[in-house]
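A.B. asks: There's a structure below that I have some questions on.
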């Protein structure tokens, strides 16, 4: 029952995140239709989306206290499915065959994940976290991860290699530490609420600092990837690498598959593969939508009754740039 609560909480939180992202997108579209555009942070609709996003992230954090990492992390595909469905139903985007196929694969994969996920009934106390931190499998894993991260960081900083895989692999390596710390902190808080105080142990604050630090740098590199590459490429690759690193870290640090049957492990991995394929199919060949476009159809925006189109006064293909600019400035414009 505890694990089921974690599953439902993670699925609901990821769906709430997809709703919040769609609300923020709708707010940006409404602001773009105004004759005098205002900053996005002045929109009540945008703040509503931010609040829902925060609630979703808090729910995801809490889910780690009730369910294994290997189960909570792959359920991030619910956010991708929810965003695609909401875009079709409420933002009036066109339904693609890829969306239907990808959603079917992701739902089938999610079902296998929930059915064959590892069952970890033992309580995650502060003493157990301390023992896991000094266990030799985790120490070897951390050393290899640090070496790999330093090599990637060397190519990123010194050689200026900003390939999408280098950026997202650094995000995944940081995410593995983040999910370990998040589960430890969430579990110790959950036990403390139940009456078994765990917040007096120094390891709680160590994991709290690790969670905050790794999360900050993870967001930094992820934002860099989103700035340099299209979201249709970043989303599926990041989901695949993040889920893989989270499962590996859960296996090494928390021994989540220690007593699992071979068939259960195989079916769980097959469910992960289906989820990866589903997210990849949904994001593949999906056109990026930009607000700075020559025509803005206000009739397609929820809550707007305007049916006309706003057309900027432009007669050239380089609208928004000055004449005789160099190519770099034009690209920036």
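FYI, residue positions are counted from 1 along the chain as it appears here.
Positions of Cβ are set from backbone N, Cα and C atoms, glycine also.
Those TrEMBL annotations? Automatic predictions, nothing curated.
Okay, so TrEMBL annotates it like this:
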- 6-24: transmembrane segment (TRANSMEM)
- 45-63: transmembrane segment (TRANSMEM)
- 69-91: transmembrane segment (TRANSMEM)
- 98-118: transmembrane segment (TRANSMEM)
- 138-156: transmembrane segment (TRANSMEM)
- 168-191: transmembrane segment (TRANSMEM)
- 203-222: transmembrane segment (TRANSMEM)
- 234-254: transmembrane segment (TRANSMEM)
- 260-283: transmembrane segment (TRANSMEM)
A.B. asks: Between the transmembrane segment (234-254) and the transmembrane segment (168-191), are there three or more CB pairs that fall under 8 A, provided the residues in each pair are separated by 6 or more in sequence?
C.D. replies: yes
A.B. asks: Please work out whether the transmembrane segment (138-156) lies in contact with the transmembrane segment (69-91), by counting C-beta pairs under 8 angstroms that are 6 or more apart in sequence and asking whether there are at least 3.
C.D. replies: no
A.B. asks: Can you name the far-off residues of the same chain, 6+ from the ends of the transmembrane segment (234-254), with a Cβ under 8 Å from a Cβ of it?
C.D. replies: 68-70, 73-74, 76-77, 80, 120, 124, 132, 137-138, 141, 164-165, 168-169, 171-173, 175-177, 179-180, 183, 222, 225-226, 272, 275-276, 279-280, 282-284
